[in-house]
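Q: One structure, as structure tokens, below. Some questions next.
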Amino acid sequence: MSLAFCGNENNSLAYNVDRGVLNNGCFLDALNVVPHIFLLFITFPILFIGWGSQSSKVHIHHSTWLHFPGHNLRWLLTFILLFVLVCEIAEGIVSDGFTQSHHLHLYMPAGLAFMAGITSIIYYHNIETSNFPKLLLALLFYWVLAFLMKTIKFAKYTEHSVGLRQLRYCITGLLALLYGLLLAVEINVILGRRYLCFTEATEVKPPEDLQDLGVRFLQPFVNLLSKATYWWMNTFITAAHRRPIDLKVIGKLPIAMRALTNYLKLRKAFESQRRPLGSMPQGPKWIWRALRQAFGRPLIISITFRFLADLLGFAGPLCISGIVHHISKDNRTIQPPIKLLGVYFISSQEFLANAYVLAVLLFFALILQRTFLQASYYVAIETGINLRGAIQTKIYNKIMRLCTSNMSMGELTVGQICNLVAIDTNQLMWFFFLCPNLWAMPVQIIVGVILLYYLLGISALIGATVIAVLAPVQYFVATKLSQAQKSTLEYSSERLKKTNELLRGIKLLKLYAWEHIFCHSVEETRGKELTSLQTFALYTSISIFMNAAIPIAAVLTTFVVHVHISEEADLSPAVAFASLSLFHILVTPLFLLSSVVRSTVKALVSAQKLSEFFSSDEIGDEQEPNATMPTGPSNHKTIPSCPRNHNNKYQAVVSTQLSHNQWESVFDICFDQYGTPTLSNINIKVPFGQLTMIVGQVGCGKSSLLLAALGEMQRVSGTVTWNILPSLDSEGDDSCFHCVYLGRKRGSVAYASQKPWLLNATLVENITFEMPMIKPRYKAVIEACSLQPDIDILPQGDQTEIGERGIILSGGQRQRIGVARALYQQTNVVLLDDPFSALDIHLSDHLMQEGICKLLREEKRTVVLVTHKLQYLPHADWIIAMKDGTIQTEGTLKDIQNSDPKLFEQWKTLMHRQDGEFEKETVAESMTVLERKNLRRAMYSKEAAKTEEEHEEESVESEEDDSLSQAMRHRTTIPWRSCGVYLSSAGLLLPLLLLSQLFKHTLMVAIDYWLAHWTSHVITAKMDATGRNCTVAQECGFSHSWYLSVFSVLCCLGIVLCLVTSVAVEWTGLRVAKELHHNLLSKIILAPMRLFETTPLGNILNRFSSDTNTIDQHIPATLECLSRSTLLCVSALGVISYVTPVFLIALVPLAIACYFIQKYFRVASRDLQQLEDSTQLPLLSHFSETVEGLTTIRAFRYESRFRQRLLEYTDANNIASLFLTAANRWLEVRMEYVGACVVLIAAVASISNSLYNHLSTGLVGLGLTYALMVSNYLNWMVRNLADMEVQLGSVKRINGLLKTEPENYEGLMAASQVPDGWPRQGEIQIQNLSVRYDTTLKPVLKQVNAHISPGQKVGICGRTGSGKSSFSLAFFRMVDMFEGRIIIDDIDIAKLPLQTLRSRFSIILQDPILFSGTIRFNLDPEMKATDDMLWEALEIAQLKPVVKTLTGGLDAMVTEGGENFSQGQRQLFCLARAFARKSSILIMDEATASIDMATESILQKVVMTAFADRTVVTIAHRVHTILNADLVIVMKRGIILEYDRPQALLEKEDSVFAAFVKADK
């Protein structure tokens, strides 16, 4: 067949120009080539030479500045233009099929126009981003020429009566219109910006975001194509392969997406609803209104995109129907087209009847549908994230104004507020994500049912009814699922509480050999949790089953009814496979229904909670009276409320300082509007620049007075005034010349609360507290608060992170840091609320002398000190004594001595008692030293933990480049080993799972294959019927019944297998969860103590909490989804390859593309998921910190600083979420496009195969139906693979702990060989003993020899780190005894089984540990002792009277950690526990550290009498406690320095022990 531009038939009218050149169709087409050739020739050199020095003078770091007007419209018109040009090419090719020779002019100009269209947009994009508008001239010419040529062609067609019935006429008209619109856009740019012919162009500045190098989220700034395909994410996602993604990499949020911008938008929406009188409306309705007003517009855009996507989704089934219908026509002739102007014209009907055209249209429909769908998701999620940021900011601003009495009365708890932030804002965000579904689902269902009805008639409605009837069942299952999840959560938290206690007390449990009792208790709770998880698994498997079975059931019902209703049922492949696709589309909204309804209900509840929170009480802003401003200068912003006349008896001495504070108050304050006032008839003046002390009994309102002064309490009546006396001149008439700042206008006050409030930051940040660092001042404050020794212990000194609520510090350290903060601030007023409560006497004295009397006095600051330490009263300039919420008396100490001698005497006796305490207290190793020792241990374990974590990451940082590349390689590989560990734990269930999955998917393919076979036979039977003149196929012997029965059997088997696989997956998950948790607990319980000292408790606890939860609930679902989508994908590709083997060739490049897309995506997705999680933690802890420290923040007037920090945390979390969303969209768009290519290739290949190789039409339908679903499966496969990878991290971490070597519990002797009462005597021989904590560490005891006779009382002393505690642990084999031996009562303890050995001794540790449960359980968990024995033990420990008063006596409850008893009482319970054991050897490891002196001396006597016949080894930090011992061992650096009777050692002059005793006195 020859080829010519105008064709070369002999009778061709193509070359006929008798009636003028313009009346020749071929010439018209040739003329249309001119503009395109012009553009291609002009622009190619410019595009290839590059832009060189032509770039703009404005410096922007992104080539994304889109500033020409009509930018988006131009892109949109260009896309439409390209689509119309594709249609023109297709129309030309189809028309050309009717002639003998090929007429190039029918499609070549359109092809050139297509190339020119693409070139124009690339050229324009480069002009715009390089800001070189002069080059727009070429485009202007092009649009003018193209518009003119198309208009001429259109006019000539009209002239020759080519009409709307001819497709080419419509296309030409459309193209003329598009070129005209593009010309208009171009002219608008040139005129609007005064480019080209104008001398001065309009100056435009790029947006602020693009000038900021930190902004890297470019979605709002890129062009339409990049927006739709997330092209700008390419560099970001590929870069993730080279270096991990962190906050630096993702940069800042664009201004429009920042929390502050969105908060202001939301606030404006709230403000607009104010009632005329200024009050805010109440209830959740106004929240919804405000949200709609602030965030409604983007949501409408999202819903629109969703509508378009859903409507385009129906193109799939319709095109399949058309294609199969077209190729199943036995007579493929179409009426010859009309010939005008020497060329053929076809109608749109003929055009759309072409199978190839339908295949191309299907491809475009899919591309568009997927693009719109992803755009809808993106817009909805972005809106949801913006809304979350705005609401979190609004909640925070509300917290800053909250009335603290609400909190203390329990109306609002920290937990509730944190739930609002963590859960309720997320519920609203999720509602916005799913909102488009609410509107789109009804449309999808209605259109789907209409199309089914059109294809199948009444039987379609019956099939749809099956789906509709089963939808409520799904909702029921979903609600049951959430209930099961709730009960599982309750058991989980109970199990975690027990596990936490077990881990915290692990040392004690091991020493007492009680591990198995506690292990059993945890296992018991785990059993309950597993029962609940079984219910959860059952409903999950029902849900999975229904999702898989409903479409099968619907299709089966429909076809059965369809065949039985009418004899002439049309069950051609076109109908069957189009309806199959429609059922798949219909099922989707019904699956979503349950989650959308649940999400809506939750969002309504959350809005209700938020409205209640927003309407809770706030601090009252008081009325401002007229304040007279001072004439002199004032350097201080000060304190709350209205001025009163001063009848001021107590006038301050005014120094040369410019400003002084005085505050006076008259008020009644109450916590509760209706209750009795907490404070009443208060009328006091606080002198400025002096020290005022407030004293009184517990609960008399001292702290309330401070809070009232800070405006933190609800005031019933009266006022609080903070005054400034501005200068000496105004002193005479200070009632006129003082400035009163009211309500919120009070200045900053340094306030140290009674319960110290610390930030989760470094120690130095907690002290400076947002103030600039002044070294000398900082040093002075550290010295005054005696913090230097504590700082020296910390691993990074004062740069150490002290954890949430100062978790790594002791109470006293926390309190001193709180006071240090108040001292460091340069405010005129300092309020200290009982700063000595957690400090010992030395620290209190030092703080009083150096900090308060020296530092604050020198600076002439007004100090108000609440205290119980009456010995400091002589230091006070003014004393306020309180009683029952009123002022008992006030004045100087002398005034009170004269006016209230009785009170003064009372104080005097108390003062002496407290001074007596001071004399008794020892210096050598006070409580503080003990705290420091504990801290050192904690820090050691933290440091070791860091190395542990580094191991966990498996990246060795030896040679940096190698290690980095190794780590990167490690990040890109899937953790197959963890997957193996997970699946191998499933045991016999694994083969069942694999077989059921394979069978199920084979059966699914079989069902569809049978349908193809059946429908193809229907068509053949019809043809036969036509050939043999039967009216219907049945008369010629064709019957549906055989096919239908096989189809029914296959469908029923499919439904059964769906149930089997869903149950198998969930049961496998349960089995693995049970197995892994059991193994983990067993390993941890038997692990050596070293593991707990080197691994932070939190790390181990995380294995039991979040990791176990992931294995329990998330991995089974992800595994099911992953295996299903993978097998569906494989079966779909298999079917397509079977139908058209040529598809395999095209599959190779597509598979390579998919491989690289998923490879890059997985790495980026994992990093972003971890980043999103890690940025959420600081945000939530900032909320809880703020709520807890509200009073302090407001006292310091630091609200704005904390708000700023919140905005930073929120933005960090939001940008991680946005990047994660964009990455998911990036993946999905690419996978959808790959899927669209699969559909196009499969369609073209199967059409050709059918037309030329007579492939059966049923198989074509089958291939296309499967091809349509490939993109969905591909997406799910990659997303689930990424999720699976993150979740398998949990298995990997747990597996890491499972490799721990347990302690050697077996001994050379069996438990039965050990004598029953051993050790009876309690004789201990230590021979050449050397001990170390680990094989890698140095020994802590070296060659120690000692002999302790039966019943001897031995005291061991020495400095911190001398090996005293290691000595005691050696008896229990808690440390590695690598040399020497310990023989007790003639048995070498190394030969005994560990359980037996430890169960025969008693030990009292220095940290008192109590467990939640009864007192009886705490004393004797083994339940061996009788009640009398327990009461006796309590009597010895001085606790009998305390326990007697408790309800339940021995069965009274102990809360977690023994919080309902004081520290001293807890220590006494531990003593009682040891006494109850009745063993002949008792070891006391600094056991009396938390007990006051009087109780300790009683205990010492009791131990001597109650344990007269037993061996007692006491490790002492107060040396005087071992003066009565029979033997004293002094240790230093792991060796015994002195070993003798105390008297003998005291007589030696150079004795170390004697030196210790001297120091102790």
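Just so it is clear, glycine is given a Cβ too, placed from its N, Cα and C backbone atoms.
Curation plays no part in TrEMBL annotations; they are all automatic predictions.
Found this in TrEMBL, in case it helps:
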- 300-602: domain 'ABC transmembrane type-1' (DOMAIN)
- 661-909: domain 'ABC transporter' (DOMAIN)
- 992-1285: domain 'ABC transmembrane type-1' (DOMAIN)
- 1324-1558: domain 'ABC transporter' (DOMAIN)
- 941-964: region 'Disordered' (REGION)
- 33-52: transmembrane segment (TRANSMEM)
- 136-154: transmembrane segment (TRANSMEM)
- 166-185: transmembrane segment (TRANSMEM)
- 344-368: transmembrane segment (TRANSMEM)
- 430-454: transmembrane segment (TRANSMEM)
- 460-478: transmembrane segment (TRANSMEM)
- 536-565: transmembrane segment (TRANSMEM)
- 974-995: transmembrane segment (TRANSMEM)
- 1042-1065: transmembrane segment (TRANSMEM)
- 1135-1157: transmembrane segment (TRANSMEM)
- 1233-1252: transmembrane segment (TRANSMEM)
- 1258-1278: transmembrane segment (TRANSMEM)
Q: Would the transmembrane segment (1135-1157) count as touching the transmembrane segment (1042-1065), if touching means at least three Cβ pairs under 8 Å and pairs must be 6 or more apart in sequence?
A: no
Q: Output the single range from 136-154, 344-368, 430-454, 536-565, 1233-1252 maximising the number of Cβ pairs under 8 Å to the transmembrane segment (460-478).
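A: The listed stretch sharing the most Cβ pairs with the transmembrane segment (460-478) is 536-565.
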Q: Who are the long-range neighbours of the transmembrane segment (1233-1252) in its own chain, taking Cβ under 8 Å and residues 6 or more past its ends?
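A: Cβ under 8 Å, 6 or more out: 323, 327, 355-356, 358-360, 362-363, 366-367, 370, 1133, 1136, 1139-1140, 1142-1143, 1146, 1150, 1153-1154, 1157, 1259-1260, 1263-1264, 1267-1268, 1270-1272, 1274-1275.
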Q: Counting Cβ pairs under 8 Å to the transmembrane segment (536-565), which of 136-154, 430-454, 974-995, 1042-1065 comes out on top?
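A: Answer, by Cβ pair count: 1042-1065.
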Q: Mind checking which residues reach the transmembrane segment (1258-1278)? Cβ under 8 Å, same chain, six or more beyond either end.
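A: The answer is 316, 320, 323-324, 327, 366, 370, 573-574, 576-578, 580-581, 584, 1008-1009, 1011-1016, 1019, 1121-1122, 1124-1126, 1128-1129, 1131-1133, 1135-1136, 1139-1140, 1154, 1157-1158, 1161-1162, 1227-1228, 1231-1232, 1234-1236, 1238-1239, 1242-1243, 1246-1247, 1249-1250.
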Q: If you average pLDDT over the domain 'ABC transporter' (661-909), what do you get?
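A: Summing pLDDT over the domain 'ABC transporter' (661-909) and dividing by its length gives 77.
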Q: Using Cβ atoms and a strict cutoff of less than 8 Å, what residues sit near the transmembrane segment (1042-1065) while being 6 or more residues removed from its termini?
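A: Same-chain contacts beyond the ends: 540-542, 544-545, 548-549, 552-553, 555-556, 559-560, 563, 989, 992-993, 996-997, 999-1000, 1003-1004, 1006-1007, 1010-1011, 1013-1014, 1017, 1116, 1119-1120, 1123.
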Q: Which residues of the same chain, at least 6 past either end of the transmembrane segment (344-368), have a Cβ under 8 Å from a Cβ in it?
A: 83, 86, 90-91, 94-96, 98-99, 162, 165-170, 308, 312, 315-316, 319-320, 322-323, 326-327, 334-335, 337-338, 1232-1233, 1235-1237, 1239-1240, 1243-1244, 1247, 1251, 1268, 1271
